[in-house]
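Marked as 4-CDP-2-C-methyl-D-erythritol 2-phosphate binding site by Swiss-Prot: Asp233, Val234, His235, His259, Ser260, Asp281, Ile282, Gly283, Thr357, Thr358, Thr359, Glu360, Phe364, Arg367. The annotation region '2-C-methyl-D-erythritol 4-phosphate cytidylyltransferase' is assigned in Swiss-Prot to 1-226 on the grounds of sequence analysis. If you look up Swiss-Prot, you'll see 227-386 marked as region '2-C-methyl-D-erythritol 2,4-cyclodiphosphate synthase', on the strength of sequence analysis. According to Swiss-Prot, the feature site 'Transition state stabilizer' maps to Arg22, Lys29, His259, Thr358. Taken from Swiss-Prot, the feature site 'Positions MEP for the nucleophilic attack' covers Arg157, Lys212.
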Amino acid sequence: MATPSPLPSFAAIVVAAGKGLRAGQPVPKQFATWRGKPVLRHSVESLRAAGADPIVVAIPDHAGDVAAKALDGITEVVFVTGGQTRQDSVRAALERLSSVPPERVLIHDAARAILPTPVIERVLHGLDESGGAIPVLPVVDSLAVAAGERMADKADRESLRRVQTPQGFRFSDILAAHRAWTGATDAGDDAQVLMAHGGDIALVEGDEALKKLTFAEDFMADLLPVRVGTGFDVHKLEAGEELWLGGIRLEHDKGLAGHSDADVALHAIVDALLGAIGKGDIGDHFPPSDPQWKGAASSAFIEHAAKLVDEAGYRVGNIDLTIICEAPRIGPHRDAMGQRIAELLATSPDAISVKATTTEKLGFTGRGEGIAAQAAATVVRKDTPA
């Protein structure tokens, strides 16, 4: 069995300066979390493990802090501010490397998060006899040449390939090509720039895993279809307090005491929703030490939790709430509570179950000293049919 030849030394450029708006993430997609860590970190770790040194990352203006956080702990990484176009960003990174020029450089799109080591190896070895090497895959679908909304001609897919990154180059060749580029529009990729400069490009086998993360659906596909969280809360009953429970006010001789309106039912639901998406608990988001939440309506807390669920790529599946008390009687108010909770979560009342029980006169709830509530919540990936 032949022993693979060692990889030659190389530098790498990771292009991460785009806005990434189509991905529908709260931050540019290269900094969004995917499979447990920022998209950018995936490919940088792969390049670093393969021996890339240094790695120059082109980032948006004023994104230094978020980029540094995304790559915390990874050594030999240099940041440069990207330009208006991808080509401008690559040029800036190449110029940064030019002071100590490497012999070979790989240029990779950060949005291609999964970067298999065999692809890196094939691209680098493809430079043994060419000024450039790019990973490609065959075209599997039939193709048509369009003229407006009509088919004008067929296209021969046998001679076409899908192009991926990382694209590898002899550094001096690609730097000279970028400096000489006079195209009227931005180049489609760096191989196009080198070809315009008379360079030779080798084609090597790509990998389907190098899919580019582009749309919101690409991020959702990585999410679990359903996640579950639970919550529990207790508040003391005191005279002179209003009793808010399940988002509605009840008439009773005592009310629940707390920093906010002390609605244990909504608090339990908030904790269940936050737990389902791994966002801590109600105290993390609304600390009782913060005076702005003094006497606050718990409806604000549950709406905040629902917003975080949405931002995480999920929608509320269902809520199962149990209120534990001797008094007041919950039965007459269950439907109103369910309706109000559904309104706050922008979901159907059918998705909300409100139940009540007692502890048979045992414990603090049995003695009428307080009310407890527990909740279970499911959140469902937003692209799942309702």
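Glycine too: its Cβ is placed from the backbone N, Cα and C atoms.
Positions of the features from Swiss-Prot, shown on the structure.
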residue	record	Cβ contacts under 8 Å, 6 or more apart
Arg157	site 'Positions MEP for the nucleophilic attack'	Pro138, Val139, Val140, Asp141, Ser142, Leu143
Lys212	site 'Positions MEP for the nucleophilic attack'	Asp109, Ala111, Arg112
Asp233	4-CDP-2-C-methyl-D-erythritol 2-phosphate binding site	Val264, His267, Ala268, Asp271, Ile282, Ala372, Ala373
Ser260	4-CDP-2-C-methyl-D-erythritol 2-phosphate binding site	Phe286, Trp293, Lys294, Gly295, Ala296, Ala297, Ser298, Phe301
Thr357	4-CDP-2-C-methyl-D-erythritol 2-phosphate binding site	Thr322, Ile323, Ile324
Thr358	site 'Transition state stabilizer'	Ile324, Cys325, Glu326, Thr365, Gly366
Thr359	4-CDP-2-C-methyl-D-erythritol 2-phosphate binding site	Ile324, Glu326, Thr365, Gly366
Phe364	4-CDP-2-C-methyl-D-erythritol 2-phosphate binding site	Val234, Gly370
CB within-chain contacts under 8 A for His235 (4-CDP-2-C-methyl-D-erythritol 2-phosphate binding site), separation at least 6: Leu256, Ala257, Gly258, Ala262, Val264, His267, Gly370, Ile371
Cβ-Cβ neighbours of His259 (site 'Transition state stabilizer') (radius 10 Å): 17
Stretch-averaged pLDDT - the region '2-C-methyl-D-erythritol 4-phosphate cytidylyltransferase' (1-226): 90
Rounded distance in angstrom between the Cα atoms of His259 (site 'Transition state stabilizer') and Lys29 (site 'Transition state stabilizer'): 38
